[in-house]
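**Student:** Quick one: this structure, given as structure tokens, is what I'll be asking you about.
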Amino acid sequence: TVATILTILASTCMARNVLVNNEGLYAGQSLVVEQYTFIMQDDCNLVLYEYSTPIWASNTGVTGKNGCRAVMQADGNFVVYDVKGRAVWASNSRRGNGNYILVLQKDRNVVIYGSDIWSTGTYRKKVGGTVVMAMNGTVDGGSVVGPVTVNQNVTAVRKVAAAA
């Protein structure tokens, strides 16, 4: 397979598809990549859409409860909190404090990396995916082009071509 190394760019002019430690989505905010949207809806339901079709949901929707948030925690757990700050859903991926990144991938999957510890399970076969690694400035022995520093660790994103 042919792999192209990409960097994560946090830019207001680009749609984001990643959350790092302590970043989150509030009501109406989303991660977007191509036709996929991972959104914290106003009703407190966290939903992954392909175009306008829901693919996965946290099933935490409560009518009229604007004020929820989904947070990628520094312990590796991704948690939806209600308006009162109570956890109403979690990925159950807690691994202890470290550097984690949640990625909405082009293969329709949402994955938490530090190690591959949680995903929505919506991976689509024969579609290129995204692999995130942090290895002291290298990705599988290759050089990292324009790495991004996340909590003092170098993080790179590698786009993997689809298998034929």
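Note that Cβ sites are derived from N, Cα and C of the backbone, with glycine treated the same way.
Note that the coordinates shown come from a computational prediction; the quantities given were computed from them, not determined experimentally.
Below are the features I grabbed from Swiss-Prot:
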type     : residues : note
DISULFID : C44-C68  : disulfide bond
DOMAIN   : 16-125   : domain 'Bulb-type lectin'
SIGNAL   : 1-15     : signal peptide
**Student:** Whose Cβ, among the disulfide-bonded residues C44, C68, has more other Cβ atoms within 10 Å than any of the rest?
**Tutor:** C68
**Student:** Considering every residue in the domain 'Bulb-type lectin' (16-125), what is the mean pLDDT value?
**Tutor:** 90
**Student:** So, by DSSP, how many helix, strand and coil residues make up the domain 'Bulb-type lectin' (16-125)?
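**Tutor:** So the counts come to 0 helix, 48 strand, 62 coil.
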